[in-house]
Structures are given as structure tokens and as C-alpha cells.
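Asker: The structure follows.
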Amino acid sequence: MDSNTVSSFQVDCFLWHVRKRFADQELGDAPFLDRLRRDQKSLRGRGSTLGLDIETATRAGKQIVERILEKESDEALKMTIASLSALRYLTDMTLEEMSRDWFMLMPKQKVAGSLCIRMDQAIMDKTIILKANFSVIFDRLETLILLRAFTEEGAIVGEISPLPSLPGHTDEDVKNAIGVLIGGLEWNDNTVRVSETLQRFAWRSSNEGGRPSLPPKQKRKMARTTESEV
């Protein structure tokens, strides 16, 4: 097993522990608590994949961080802070919308890279809006936290989420996954719209109705792909 993979997991475990202690003092806001909950699931998945104990990894991560901080200079800290200042966390959904359980009458699922796409293909003739919570750096989508498809009545009918055991994805991965989800929903004559933040950072171009501008041929291809693969 690669040593960098192990040490990265150890540091992530310790930093999660620090953030958990912060949250236990009721100091974290909703986005902070949401990331904490999802990172916990991710760490459990990674620990299982790597065969590493989280408690032991947390102790080892603490030692690594302490060694780094002992050598940290003020100038290096300033440079790190400057790079972080460009990172933003954008939220279309409330914490309740993100944590709400939902059920599918005709469940369909597809794994695309490190992203899992789920949708209910029993939904027909509805107007659906895609909402997402994600981080942005230098005006580009960096990490998708969660994307969900809602009907006008507020029901959840689709979702794109990172797989805890396969961390890491690009903005193109997210765009492709959104295309698959839209294609699957449109197959049943649903009208799909995209939130303003997703239009700005995930699609870059859209029509006036908030719908991604995809050629009809590409729409049909996505729908067929979803029907056969999801």
C-alpha cells in the first residue's frame, strides 16, 4: 500500500476529529456540520477499503500534523491562507433538504466514476429543478457535496452524490453526471430546470428557462444511455 495514501488517510482522520470537537461545542454552522457528516461517511468507506482502523489512524495523523506545525513559518501560513481565500461553499439546499430520506417507486442507479446517480423513473410529466451544494475555487466547481432533483411540490426524485469509497471528481465528471440525470428524467417527459448556481458553475451556458443548452441529438443519446445503463 502506498505510504502517501496511508498518511493522507491518517491526517484526514485527525482533522475530522478536530472539526468534530469544534462542532461538539455548538460552534459549527449548517454547511460545516453538513461537510462533517459527509466526511465521516467518506472516512469510514476509505478505512474499510484500506483496512485501517480509524482510531489508530487518528492518533498517527495527530503526530504528523504536530510535526508539520512545529516547522510551520508565518510566511508559509500566510500563503496557505491566501490560497484558501478563493474557496467558497455554495448552497442551493437547506440542511433539511440535504438530509431528508426519500424513496423510489422505480429505482434506477448508475455509477459514473466516483459519482452515484439515482433517479425514480416512475416520475412523469413533472417540472423538476436540480439543486446542489458544492464548493467553488477560482470560479470553478471544485467538489460536489450533493445534488438533488426536486418536483415543484418538493418531492425528491433524483440524486447525484460522491461515493465515499472513491473520493475525488472533476467539474467535467459532475457535468457528465448531470447530463445523465437530466436525460433519464426527460425520458418520461419531465421538464428539467437547473438552479442559478449550477448554471453558473457547472454548465456555463443555458437557455432562458434555466435549462442546460444541449442539442436534441445529445438529449436523446443521454436518455437512451440512461434507459439501458442506469
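Placed from the backbone N, Cα and C atoms, the Cβ positions cover glycine too.
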Asker: Among 167-174, 223-230, indicate the range for which Swiss-Prot gives the feature region 'PABPN1-binding'.
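Answerer: Matching range for region 'PABPN1-binding': 223-230.
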Asker: Could you give the residue numbers and ranges of same-chain residues that sit at least 6 residues beyond the motif 'Nuclear export signal' (137-146) on either side and whose C-beta is under 8 angstroms from one of its C-beta atoms?
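Answerer: Same-chain contacts beyond the flanks: 34-35, 38, 86-88, 93, 98, 115, 159-162, 169, 171, 174, 201-202.
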Asker: Across the motif 'Nuclear export signal' (137-146), what are the DSSP residue counts per state (helix, strand, coil)?
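Answerer: Each residue of the motif 'Nuclear export signal' (137-146) counted once, the result is 0 helix, 8 strand, 2 coil.
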